[in-house]
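**Q** So TrEMBL has the following annotated:
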type    : residues                                                       : note
DOMAIN  : 6-369                                                          : domain 'Kinesin motor'
BINDING : Gly115, Gln116, Thr117, Gly118, Ala119, Gly120, Lys121, Ser122 : ATP binding site
Amino acid sequence: MAEECSVVVGVRIRPFNDREKALNAQLCVDVDGPTTILQNPPEMAIESGKGKEAKRFTFDASFWSHDGFEVGGDGYCSAAPGSRYADQRTVFETFGRRILDSAWEGYHCCLFAYGQTGAGKSYSMVGYGANKGIVPISCEEIFKRISANTDSNLTYEVMVSMVEIYNEQVQDLLVPPKDRPKKGLEIRESQQLGIYIGGVSRRPVDSYASIEAVVEEGTENRTVGATLMNATSSRAHTVLTIEFKQVSQAGGQQGQKLSLINLVDLAGSEKAGQTGASGDRLKEGCAINKSLSALGNVIEKLADKAMGKAKPNAVIPYRDSKLTRLLQNALGGSSKTVMICHLVKLRRDALNLEICGSSEEDQEFCDHQ
Ligand SMILES: Nc1ncnc2c1ncn2[C@@H]1O[C@H](COP(=O)(O)OP(=O)(O)OP(=O)(O)O)[C@@H](O)[C@H]1O
């Protein structure tokens with residue numbers, strides 16, 4: 001456990017939606033192995049004065065989910081023969097499994113889905129219909145692994161909580177909206193527990209069915225609102241925390257290993273003009289963008305530390321937002337972080353590119369919001 005925190009980043013590109021098809025949207029992204037290639041379309045080249053040359057950004061993985069899939073009888077989308085389409089299972093195998101392996105080793109972990117509204121974050125995290133995302137597949141895997149355990153000296157305890165951060169307030173998704181405190185829950189700190197949410201519901205779960213029921217209940221209670229870009233846009237960050245405890249008995253002594261697995265569906269980053277935002281929607285958008293910037297800063301600093309670009313004692317600005325404060329336990333120390341960035345409008349999808357130290361950074365492309 002002496003290892004420092006690690007941050008891995010991937011990019012996923014979804015199919016065009018109806019709106020983009022109607023607008024005759026141009027495809028200006030490609031992938032080549034772990035590299036994402038951005039083409040500068042001619043009109044942007046004129047606007048930026050930068051020419052048409054493609055830019056290449058290398059990540060830990062780049063998932064092509066734009067086309068090349070076939071739909072099975074059950075609705076599951078998988079790669080057509082010879083295609084490079086990355087289906088839900090591929091994304092889980094590349095990143096979700098890594099998170100579970102780390103949790104089994106006793107690390108705290110965070111997996112984030114980042115991207116503009118409608119870019120496919122919820123699709124990757126929760127999924128739709130037969131195309132289950134990382135959350136349900138991970139939950140299934142956790143209980144598959146637990147039931148495969150044959151060591152009678154080893155037992156497991158799993159607890160789940162689910163909150164959303166909406167307008168910088170932490171709300172318990174396992175409590176109906178009418179019964180929640182108006183100002184949300186407080187993030188507290190103690191020597192024993194580190195950072196924790198005062199009064200949050202923690203439900204014990206002992207099977208896939210029980211965790212699925214809790215996640216469904218929480219999902220029903222989420223704050224969603226329509227924007228022009230996505231009819232059921234999530235306007236809050238949703239954080240599912242799985243407390244995973246391994247209890248071992250040896251020589252009359254009990255040992256415990258606790259891992260916090262945080263699966264985070266971030267609210268969509270966006271430009272007010274594109275989403276038709278005003279009033280409440282605009283206020284939400286400002287809170288979302290502010291906390292995403294804070295997250296970007298924290299991850300960038302963690303990545304710098306992991307790569308030796310920053311001093312080991314460099315201060316990480318967790319306190320700049322509720323989101324980063326809440327996840328401080330899981331992001332700091334010897335933890336594992338995975339960020340899956342979903343691309344749509346490339347010049348504006350900055351955090352994706354900025355946080356990855358291995359990319360050829362270009363301010364024109366990284367001009368965030
Ligand atoms: N990889 C994919 N393959 C097929 N369809 C996808 C994929 N990713 C997203 N979609 C479709 O695109 C639409 C928008 O996706 P999704 O709801 O996941 O976006 P989002 O980023 O979570 O948006 P928001 O932040 O507004 O909640 C959905 O109809 C979804 O089914």
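Glycine residues also receive a Cβ, built from the backbone N, Cα and C atoms like all the rest.
Curation does not apply to TrEMBL; its annotations are automatic.
Give me the lay of the land around each of these features.
**A** According to its DSSP assignment, Gln116 (ATP binding site) is in a strand.
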**Q** Can you tell me which of these binding-site residues sit near ligand 1, meaning the Cβ is under 6 Å from at least one of its atoms: Gln116, Gly120, Lys121?
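**A** Checked binding-site residues vs ligand 1; flagged Gly120, Lys121.
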